Amino acid sequence: MAYPMQLGFQDATSPIMEELLHFHDHTLMIVFLISSLVLYIISLMLTTKLTHTSTMDAQEVETIWTILPAIILILIALPSLRILYMMDEINNPSLTVKTMGHQWYWSYEYTDYEDLSFDSYMIPTSELKPGELRLLEVDNRVVLPMEMTIRMLISSEDVLHSWTVPSLGLKTDAIPGRLNQTTLMSTRPGLYYGQCSEICGSNHSFMPIVLELVPLKYFEKWSASML
């Protein structure tokens, strides 16, 4: 859950998000070291008189500044590609949920159940109860079992949308006429909030997403009560 004056990411709730946080720290350290080196060289150039204005060729320096950036790019690319393949891989999902974006609400269909579908609208500010979050609460939450692989099929009925839940590391475009898929697995129960992340019209900011991750036995009770 985000909070005011937050500087970092939300707490990771899925293995993918944990990998993304590790990759962010890895890349940030590389960027910090490169920036420090560049600033150090600039400071030397500004403070020393040992310059070589007549130097026309320096094979050693050119070799270093060609090979070193290539190595750095490889160190960034390899873990990035690994995470991309992990995010794209879906093996034997335990549950499939179809998500459709509309102007300006979401529809959900549990394809493993008959007649288990609903629309999810934002609760207006005037109808919020004490303790509920403005612009983030919905009338129907997406209840899912924790510690299970869940496949989300995402599309749109009208314009471009984007189904995003930051703490799970999810951001998938909802495109009319196209079915995208992503996978999620939560390591702990709780409420996880997201929003549409693609400008889709005047009420774009009023399309919240609320996932309620619960143990399997509670999910079974909920699904039975919805049928």
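Any Cβ shown, glycine's included, is placed from N, Cα and C.
Bear in mind that the values here come from a model prediction, so they are computed numbers and not experimental data.
In Swiss-Prot this protein carries:
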TRANSMEM  15-45  transmembrane segment
TOPO_DOM  46-59  topological domain 'Mitochondrial matrix'
TRANSMEM  60-87  transmembrane segment
BINDING   Cys196, Glu198, Cys200, His204  Cu cation A2 binding site
BINDING   Glu198  Mg(2+) binding site
MOD_RES   Tyr218  phosphotyrosine
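Structural mapping of features recorded in Swiss-Prot.
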| residue | record | contacts (Cβ under 8 Å, 6+ apart) |
| --- | --- | --- |
| Cys196 | Cu cation A2 binding site | Gly101, Trp104, His161, Ser162, Trp163, Thr164, His204, Ser205, Met207, Ile209 |
| Glu198 | Cu cation A2 binding site | Leu160, His161, Ser162, Asp173, Ala174, His204 |
| Cys200 | Cu cation A2 binding site | Gly101, Gln103, Trp104, Val159, Leu160, His161, Met207 |
| Tyr218 | phosphotyrosine | none |
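DSSP gives the residue listed as 'phosphotyrosine' a helix state.
Confidence for the topological domain 'Mitochondrial matrix' (46-59), expressed as mean pLDDT, is 72. All protein chains included, His204 (Cu cation A2 binding site) registers 17 other Cβ atoms within 10 Å of its own Cβ. Shown in sequence order, Gly101, Trp104, Val159, Leu160, His161, Ser162, Ser197, Ile199, Gly201, Met207 are the same-chain residues outside Cys196, Glu198, Cys200, His204 whose Cβ sits within 8 Å of the Cβ centre of the Cu cation A2 site.
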